[in-house]
């Protein structure tokens with residue numbers, strides 16, 4: 001093989017320099033000739049015949065369809081001079097092996113974060129009928145936002161032409177290889193076994209088995225792994241039980257899925273953490289779990305998206321059902337094997353299992369990045385595990401917050417728009433019961449969309465257009481999900497039946513005596529008895545009954561309000577302008593606290609966590625800021641978005657810990673905020 005020189009082209013990518021060399025392939029840093037974006041190219045040294053080329057291209061198409069935030073993407077692939085190559089995302093921050101060298105013991109909270117991300121990627125692949133077969137820290141790369149990216153998904157498919165290469169690579173990865181995989185029968189449970197070996201290594205600093213190829217072969221097949229607590233006496237019995245179950249020789253004795261393994265491990269770690277931190281306040285508990293990124297020296301051999309050429313990931317013909325392992329403790333078994341089950345049949349009766357919610361990774365962990373919008377993300381709404389995101393591409397996309405899988409796309413208008421002012425979709429808001437989605441935009445129409453049947457059910461068209469051309473400016477559902485309050489640039493707020501569109505109240509308290517004004521914020525009180533609203537022309541916040549009767553007017557804050565938020569007690573509110581958020585008492589109108597920083601960028605949106613404990617604000621320059629409501633203290637600044645772009649939309653999950661944020665970079669990022 002002739003070594004590609006700097007400047008040589010593979011597809012639309014031009015080689016810059018060599019990054020690393022493996023036994024069968026070489027990895028190069030490359031740049032897209034038109035987009036100027038960087039990528040990693042892996043080139044196999046062995047030329048393929050026609051039949052082998054066809055097989056490579058067929059398998060590569062399968063791998064290229066893997067789209068998951070924790071999997072390195074295959075951007076392109078092909079043949080050049082009979083040499084197969086793959087173009088992948090470039091991960092410049094090295095691997096988890098770089099971050100945690102051999103012999104390193106990793107903190108439990110960090111292990112939990114890693115496992116949840118890797119397991120999410122593997123579960124996605126298993127659902128696509130693919131097995132990775134080479135799980136190890138070297139293939140767990142670190143993304144630009146410190147997320148874990150699973151590499152070498154499909155890189156092994158280009159090594160299938162050489163039996164010698166296969167033998168060499170088996171020797172290189174045997175420390176993590178499941179018994180059935182060694183025997184040539186890999187399956188999803190094989191990835192679980194390998195991940196359990198990695199967890200064992202992170203916990204103790206050493207792998208369960210050591211020795212030559214022949215010795216490792218025999219140990220994986222016949223020797224029980226040394227108990228974790230022999231090497232780490234402080235490890236809890238539950239954690240040991242979970243890991244040992246995943247390391248069972250018989251794949252049928254492991255957890256039913258990689259997700260079940262990750263859930264059980266997370267529960268065991270959380271239980272250990274709760275026991276060891278008993279008596280610590282919740283704020284202290286949260287701060288103890290902060291994951292601090294440590295910048296490691298960059299190494300050439302692990303920079304690329306994939307470093308070694310392995311065996312072909314097989315297509316799963318039929319997943320094998322798993323049984324509960326004999327070493328698993330009763331509590332861990334209920335958590336892991338039954339993972340999420342609400343009940344188990346026992347004899348003639350039924351045992352109800354009340355499992356705790358799966359603990360989340362540490363604060364600042366990115367859980368998901370959604371990239372299917374083509375333009376600015378303008379609104380986000382979260383219900384249970386489903387997010388609705390409205391964007392300037394004139395779509396409202398409904399997707400799974402955990403997997404990033406798109407469920408449906410709603411397009412209120414087929415027209416294309418080129419300017420922000422003409423975009424029709426600007427707002428999307430789930431009803432409290434999660435049944436319907438209210439969608440509004442610049443056409444002054446509110447669309448009601450059934451989230452279950454995925455059909456449009458009604459269009460409310462009573463708002464009139466004005467010279468402003470801003471359209472729908474605010475939407476709010478009643479707590480019982482029966483009514484909607486909508487405001488537009490006609491200065492009128494209508495309360496109407498969500499199913500029939502019948503108008504219940506027409507509120508005109510914001511109509512100015514002169515000039516034009518648009519409704520900017522509407523919020524329904526938690527008990528449904530009051531509504532707070534504000535307009536663009538006047539700075540006051542009006543509080544009124546759903547029947548239209550004015551109750552109170554708050555004028556203690558200058559500037560147009562972009563958000564009004566009720567606290568759960570129904571006695572206090574927050575109002576946000578572009579430069580501050582104020583907390584005030586609705587009865588006396590007295591200011592309680594101001595959330596502001598003299599140097600902070602402009603505020604686009606403010607949202608309150610469902611439990612009322614935290615305030616999140618979306619800003620210019622890619623900033624999301626989280627505050628503690630009780631003290632006004634700024635907890636953390638997050639800059640996951642492009643720093644040259646604005647964050648426009650944010651939404652809390654029901655658990656009051658996760659946030660979704662989106663903006664001008666067309667991304668929606670789901671992350672752990674507190």
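Any Cβ shown, glycine's included, is placed from N, Cα and C.
Look at TrEMBL and you will find 13-276 tagged as domain 'Protein kinase'. Under the heading ATP binding site, TrEMBL lists 42. Annotation source TrEMBL lists transmembrane segment at 332-354. Annotation source TrEMBL lists repeat 'WD' at 370-409, 430-459, 465-506, 596-637, 640-674.
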Feature contact check the repeat 'WD' (596-637) with the repeat 'WD' (370-409), CB under 8 Å, 3 or more pairs: no
DSSP helix/strand/coil residue counts for the repeat 'WD' (596-637): 0 helix, 21 strand, 21 coil
For the repeat 'WD' (596-637), mean pLDDT (0 to 100): 93
Neighbour tally for residue 42 (ATP binding site), based on other Cβ positions within 10 Å of its Cβ: 28
For the repeat 'WD' (370-409), residues assigned helix / strand / coil by DSSP: 0 helix, 23 strand, 17 coil
Helix, strand and coil residues within the repeat 'WD' (465-506) as assigned by DSSP: 0 helix, 21 strand, 21 coil
